[in-house]
Every structure is written in structure tokens, then in C-alpha cells.
């Protein structure tokens, strides 16, 4: 029966993958309340054109709230076609809004006012206001029919806005009152407009017309489109057949914006993107149609130019040629690396490869390039990761999805029936054999329960256990499987304290340590890797947490007023990570730890901050993270310097290195044989020196049975003289959002760095950290110029892990970097071995890198 939970686990992981949208913003997921009903939007950000009295002011227009007189009510009755009255909400930052909710004034049964209809106006800058319209041009939305029911309305298409106005509409003179809520999520792209040539018409054989215009563009439209957003940012990716559409009741071709080669005199289409501020760009993803049988292909090359604020376009463009695909007609995302270029505007020229070029989505992975030191710390909450009752599943492509799920379920049921039938007959045979043998002999077992463990295939002695990972099992369908039906005994049950732990990501102890010198791996069943402040959390043995739970934190309390905030590095559901500068840190640090600066000089530190509105579980997890960090004492692991836990917001202060993370550091450098004379280089010796330090830090973590779970160059900080320290907040940074795969809002996974067993079985171990080290080593020797498996989509990466599991020689490995010697690439390949017990330990990796350095 061990296969049944395994197969169900794999199905559980794959179902969200099958149904997940391919666009960066998925309207089916981005449906979180933005703070009217919950109170996160403050009163001063809710304004109105007028109010009937102080008790019906704008601040009382919160959905499902009975404060004041129960709603916002304008001063005078609303007249037909008189659109002067409005309720306005300022979100302070751009948001992707997919749903609105309205309600009238009930006031405990005393109110009878409501708005039967309303319009939505929105603005991204507070000056230019846009009237929302649906895909057929209708602007008026149906409102409430009574004063108490909540009426939810999908915005199709969704909008990107900072300011939103609700404008009540009536067909006769009447008093109206409104309570409202907005649903959506933060608009992380930062894109405020794109300018492009207007889309065109595709005429099919027979005369049918496919309209490929941007029908919901909210800017000016003529021969070109200017100062607006539309279908390229609506979160809906087009189908393989551009004559079909995801959306109901719209015309064929709606999902795509398309251009004909003849309309472009230079052989390319130029699109200019304007952003909210200067940003650091990692990648651009373009969803393209490739129905080459109808003359449609992805672009053959793109050239992108960059501009900061009102300056001229920079002359050195990024050029990215593509390998055309004349075999697979599927639509796909094309990822274009932007090499951390800084800009507030990007102009891209997409070159035709055939008669037509069609796009359905364009997204950017970026982070703000700088932060204003005088800005107040943000207080707006992040979208919760818990299940939202408003969440709706994208019903597009429903029949195909249902067919796939039904087929998978039938296959699983058939396998389960076969296994149960086999076990039934096996028990019958066992009973018969027992009856025959009971008169002849008695079999008794005297193995001590605290020093033996049974695998699925055989009983194991202590010496055997130490060398086997607990997920390296022999499956029943393999010929070498033998079931010891007469000798299987029940495993000892866990005590309640061992079975459950209050710290997310804690490893459950599966066996005692073997003899000294025999390595074993800590093992954890983990789905969500993210901590409360957005970074990954270490997977820690339960026995270690039990020891830490009774200890006080041996770290000094630091005066909060001495922190000077420089930049926000990242954020999570309940907290943020900031880059700060402090003076006088030497008075508070551990006496055994030396700061890498001269005395009395300011020190750069990373501050993890828990927001004051965090719940009790988040606070407990944050304090446990402090206890874990306080135990880490290694020169290649960031050090916990001090804490601020006497009052809110709780903070932990850790080291930060002057050269930032290794990913950005290497992307600013080139190999020593580079032809560029104006770019700094890093020698092969220094690359190996940094890799050796990463191995040393991971060797220390593995000695504690700690599992990092997100080892990558983005989580390695670089100091003076190429010193390296391993950190844990890369996951919180929007700059690296493209490195993570989000499964229906439940988990954020770095799948391009994860081992096959981590993706398919949810197993995170020291062995899976070894796999990630191999990918990190590959990043280092490629100078972080591209993502691992950049030629594969996220779905193809997951498919490739299945090939590693099947081990039939069809798996794809990362290629050998140009400056990487054979010995180092051989080490990488050993980290990616299918069987975990065949991968090297970090002690072996560290020793091997040291020996190579001495050659």
C-alpha cells in the first residue's frame, strides 16, 4: 500500500500544475480583498464627492461594515445621467483589480438605500481618469437590488490602477448609499503603459475575419496605441489555435494582438513600455503564437533599448536571437534575458520570422532600482496565502482539463484495485501458510525497537540504515522486490510531541543515527518553503527544535532608533527584509564574531521585520527562526547580530555583504578571456574559491542536519576579497520572482534548482541540497548570464524531473559552461545523480574543490 499515498501525493502536486495559468498574473488567483472590509485601507485614503452627514462620510463605505450610519451616502439624490457623485479609494500603489463587491445601507434594518447600477472610473496617476468598459464596450455594471446583500462583480477585463471611483447610476431620481470592496493583488510588473501599432485583421480562406486588435486597450487608439494597457497585460494567455479563445461570448482571435509583416516597413514591430520608476530588469516573457501552418511564427530576434526617466535612449541595445520551431505549433512563452539593466522605459523591436506575428501576454521580472530613504515603512498588507472564499477557478479549457483529470483518476483507481486485490490474496496465502507452520515451529523476533527499522523491501540492520535515504525504496513492480510477509512487524508509533511540531518546515525524525562516519540525510515532507518575511526557511530536525525551545536567545537587544533604512530588499506575507546601515554595532555583536569593517564605521545589515499585524502563528515562527539563526556559527553563513523583540515590529538583524548577492555580482563581471576591455573580470581561481566557500558553508549546515532548500547564487552574499556567506532571503525579492514557480498561490518553489525527488515527492534533504549546489556551481561558471534550463518552460522543467525519475536516458542535463574544466563539470554531474545515495556529501565536495585548487 506504500504506492497509494505516493501516487496520491504526486497527483496532489500535479493537479495545480495542470490547471495553473501560464501568465505571470493569473486573474483566477489574484482575487484577494484589498482592505476596505478588513480595515487595511485607512480612512484618509477613502474620499467622496459629497456626504449626506458626518455619519455617512466616505470612510463608512466599507463592505460588510455597520459603522457610522452604515454606508457612504452622497449629499443629494442621484439623478439619471448625472454622474457627479463618486466614492474614491487610493491604494497608493498600482494594483491588478479583478473583482468588486457592493452593498447598500442596511443599518440594522433602518436603511433602505442602495445603488442599482454603477460605473467604475480608475486612474494610475491621479490625473488621467479612464472609464472601465467590458469586452463589448458596456460601461454600466449591475448593482444591488436590496440594501443588505453583497453583490460581487468580475471585472472582465481586469484593470491596473492606483485610484478607483465607484459612481452610482440610476434610471430615476433616488437616494443611494454604497459599501464597497476591491479584490485583486499588487501589480508587481510596474508597467503603466505600452505604445504599439494597432492590431490588424486576419482573413481566413473563405472570407472569415479574425480580429487581432487590442479591443480593451485603455489608452488612445488610432493607427497606433498610446499611453494605455490592454490585452497584453490582462493575464490571459492565448490558445495554440489563435482562431479560438479562452473567453466566452467574444469573437475569434480575441486573446491575441497580431500584426502582418507587410505593415512593418523595417521588418519589425516596435513596442515601447513605460514603468512607474527606474527598475532593475531580469527578464521579459512574451507569449507568442506559433501556428506556422497559417503563416504565424514567434519572432526571430528582438532588440531592446533602455531609457531612464527623461534621458535619451541608450545606444547599447540587448539583442536576443531565437531558434525558430517549425515542428511544434504550440503557443509558448519566450523568455528574453535583460541582464539586470536599469531603466524606466524599454523599447523593443520584434523581428518577423513569417507573414504574421501574434502576442497575447508580455510580462517583466524586475525590482525597483532604488528606494527613497525618507519614505515611511510600508504598512499595506500582502495578499494572504490562505484559501480565499472569493477564489474562483479559471474555467477556460474546461473540457480538456476535466478529461485529463478523469483519465488520471481512472488509472489511479485501477492501480489501487490491483494492489488491494493482490494484498487480499497475499493475506489469504499467509493465513494458510501460518496454519501449516504453527504446529511445526514458532518464529519470534527480538530486535530492539529503538535500533532497527524496516524498509519496504527488507529488514535493515543499523549499519544498513545509515547509508540509505528513507525515500530510496524498491518499488513492488521491480523484479528485485521481495516482500517479507512473515517477518514484517509494526513500526513504533510516534509520540504526539514527535509527530507534530509547531515550526513549519521542521524535519520529523525517521531513524536514529547510524555508526560514526556513516552519512545520513535529514528528511522533511515540505510543500511551502517560504517564511513569514518572504525568505526560505531552513528545514530543522525536530530534536533540534525541542532543544532550542527551552533556550533563551543569546543575542543582544538592539536600539531600533540606530537603524537607518536604505532599501527594501524583499517582502513576504507577514514581513519584509530591509537593507539598513547602523553605527555602533560592535557594542552589541557576539564577542566571538568580528565585523568586516573598521571600528566606528557604519555597517550594512539586513533587517528581517515582522509586521505588527502578523498573527500569533507568524510571530511564533519568527521567534523560532531567530532561535535557529542564533545557533548558526560559521564563517560562510550569515550571522545573526542582534534583535529588536521588546516591542513591535519584531526585527532580527543579520550580516549583509558590501557586494550584494553572487548572482548580480557575477552578472556585472565577465570571464578573464573576455574581449570587453571596460568590464571587470573574475578569474577561474576566484570562481573556484567562491564555490569552495559555498561548499564549506553547506558542509556546516549538513553537519547540523539542517536543510537549506533554496541554495542558489541569489542566496549567496559577496564581501571583500571574494568572501561568500550563505543567506536565505532571495525568495522574498521580486527581482528573482522569475526564478520561482507558484503553485496556485500555495507554494513558491525554485523548481530549476530542485532535485527530482523534491518536485515529485516533496522530499527536501541534504541530498537535494547537493543537487541545488550543482546548479549553483553551474550558475557560477556561466557568470549568471541565464537561468538554468532557460530553453525550457516551467512545465518542461517539471516534465524533465519525471525523466530523471524514470532514468531511461532521456533526461536533460545543464550543459558544460565554456570556462568550466572537465573535472568541475564531472562534479556537477555527480550532484545530479538519480539515486540520492550516489550523490557526494558536502564534506566530499568541499575536499574535492580544495584538492583541485592545489593542483
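Glycine is treated like the rest: Cβ placed from N, Cα and C.
Per Swiss-Prot, the ATP site holds 569, 570, 571, 572, 573, 574, 575, 576, 577; the candidate it also names there, chosen from 561, 587, 608, is 608. From the options 400-421, 422-443, 444-465, the stretch Swiss-Prot describes as transmembrane segment is 400-421. From 223, 521, 741, the position flagged in Swiss-Prot as phosphotyrosine is 741. When the glycosylation sites 121, 213, 280 are ranked by how far their Cα is from the Cα of residue 261 (N-linked glycosylation site), 213 comes first.
When the Cα atoms are compared, residue 213 (N-linked glycosylation site) and residue 280 (N-linked glycosylation site) turn out to be 31 Å apart. The average pLDDT computed for the topological domain 'Cytoplasmic' (422-855) is 73. Between the alpha carbons (Cα) of residue 121 (N-linked glycosylation site) and residue 280 (N-linked glycosylation site) lies a span of roughly 31 Å.
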